[in-house]
Amino acid sequence: MMDGAQTNSGGCPVMHGGGSRPMGATANQHWWPNQLNLKPLSANSEKLDPMGEGFDYAEEFQKLDMAAVKADIANCLKDSQDWWPADYGHYGPLMIRLAWHSAGTYRTYDGRGGAGTGTQRFAPLNSWPDNGNLDKARRILWPIKEKYGKSLSWADLLILVGNVALEDMGFETFGFAGGRADVWEPEEDIYWGPETEWLATSDMENTRYGEGRDLHNPLAAVQMGLIYVNPQGPDGNPDPLASAFDIRDTFARMAMNDEETVALVAGGHTFGKAHGAGDPDLVGAEPEGADVAEMGLGWKNGFESGKGVHSTTSGVEGPWTPTPTQWDMSYFDVLFGHEWELTKSPAGAHQWRPVDHENDQAPQVDGNGTVPIMMTTADMAMRMDPAYEKISRDFHANPDKFADAFARAWYKLTHRDMGPIQRYLGNDVPSEELLWQDPVPMPQGPQVNDDEQAELKAAVAATGLTAAELVRVAWGSAASYRDSDKRGGANGARIRLQPARGWTVNNPEELDKVLPVLDSIADAFNGRGGTQITMADMIVLAGGVGVEMAAREAGHNIHVPFTPGRGDATQEQTDVDSYDVLEPTSDGFRNYHATFSLREPAEMLVDKAALLGLTAPEMTVLVGGLRAIGATHGGARHGVLTETPGALNNAFFKNVLSMDTVWNQTDSAILEGKDRASGQVKWTATIVDLVFGSNSQLRAVAEVYASADAEAKMVDDFVAAWVKVMENDRFDLHR
């Protein structure tokens, strides 16, 4: 009785119940769920990276004998393992799905997701229902990863194996680029949706949909835990036309048009099969929820052998074509060669079978006998939706056109988040530069030297443009950058072009004033026939002039580092619709927040800082410095907490922390700061400004810069962070 009655409070915390609760299980977020989350600003710290300081993945990747790597992968694809046997003796279809699902989380709205960092290895992606049994695919690839180690990242391998699989089954791919460095923790800054239940349907609480099945931004997938759409139809409703709506919306949010969508669906489903052999209730927990003895594997299946012919993944069962490991036109042959009727799989999933289902058979996965072919509701959309059907029939009649479209769409799918072609590594990179890569011509000839830069800077300073104007335009050019998919930035000077020139956040009227002045300086300099300067460089150089002017106003003589080498894109090199997704709906650095923004302004500030690759101190010093300069959207005084706007000093920090001011909310989104003694209004500000006094972590950083001995440090740190933003997209300087 004595042993059994011992309580946790009196027991050993290691050997008894106290050890069953993870340390830190009750986090601050539990007690204060509305607390501003700053973790995205410290994600993937170098402290987590086992490769150590100085490791250069690009350099290691270039050492690979890619022909040998691909040969090893091809052999691996045909080396069936008893613990997870290959369907049809070839892992190719499984690896195509692996690559597709690694890349397919990408969405255009914020550039997040995708294959660029290898995060399919981590939660939540490794345990999404739609990624069922891909844990086995990664284990099958471990001998390849083990052999090539640091020279071949998981991120690159997950895409390369898809290409090799396609090629080994007879398809000619468009190309492959390496250069995706692994990260070492989940990307927790990605918002995957509001639901708290896997595969929650749109009629449940916390839905991701508004009126009329309007999917909330930035999401692209239709349900929590799916990569794209529900193969059975919207919310499991087997309606091909409703499915077509979902497919079109979701693929558009992943940067694909109708032709690319049909090519990907038909090309991908030329290979392999879906798995739904048994009762899904017999499938165990996902990897993150499985017992430790499973060693990171999940979805243990209690139906018969649980593998091979007895596998259950999506619940849909069967191959799409009679030749599931061969590139051919059989997908369209089957789709248009039969009339179809709705049925259910052994797992209870909606799917479609030919009315004459006995006449078109495929081999069983273990080679013993044959099984019927099938189509999903999503496949039926390729026939039932008028636009998709027209494209599908055109592809069916023109095999070479289909093959080229699939090759290009697959390449786009698997490389969309890598940024410009300058980041692509390896001998298999196609020479053709594509519009979706946001091409920027590299400047030719020698770049402006220090003396020429000084001459140009003097010309800018003599124009009468203010520091705030110069800084705002340079910030607008550079701050379009997204580290998520490496798009945007100052290189290319697309702030001169549509659509960026018309974005509200960029103050088009101010651009019309400032850009022609800078253009005339560049033209006069270039007209001498010697060294040339691009407008992309001119805008950044002029922004540096603005920072130096503001620093001098505060008594600091500084030099803002500048490295020339940016190119100028043309309007023809800019896909307006594709580039328009980069328009910020919120930029707290400029104190801009559109009424239709997704989240609260302070949250959007952190989100913007994360997309710019900034830390919390860098975000803090940039906001304080930009406010001191007066570089707010439209020159608004909200948040300009200084008596000397235009001077780069630490006044913002001193005043936002001052106990002499009492803040009150007005009827709008603006807060008033009144003198505690007199009651007179001293300042107006936004929530973004006041978060540096209200949030305990940001206040701690702000206190550093508000200190009496900190102004010089604040200016130096501002310049360093400024240059970082200006050079985020300089992949010729860093990767």
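In case you wondered, yes, glycine gets a Cβ from its N, Cα and C as well.
Look at Swiss-Prot and you will find 1-10 tagged as compositional bias 'Polar residues'.
What Swiss-Prot lists as region 'Disordered' is 1-20.
Annotation source Swiss-Prot lists site 'Transition state stabilizer' at ARG97. Long-range Cβ proximity for ARG97 (site 'Transition state stabilizer'), meaning a same-chain Cβ under 8 A and a gap of 6 or more residues, is found for LEU134, ALA137, GLY268, GLY272.
Per Swiss-Prot, active site, proton acceptor is recorded for HIS101. Within its own chain, HIS101 (active site, proton acceptor) has GLN120, ASP130, ASN131, LEU134, ILE227 as residues 6 or more apart in sequence whose C-beta sits under 8 angstroms from its own.
Within 10 Å of the C-beta atom of HIS269 (heme b binding site) sit 25 other C-beta atoms, taking all shown protein chains into account. Marked as heme b binding site by Swiss-Prot on the basis of sequence analysis: HIS269.
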I want to verify one value. Collapsing DSSP to three states, which class is HIS269 (heme b binding site)?
coil
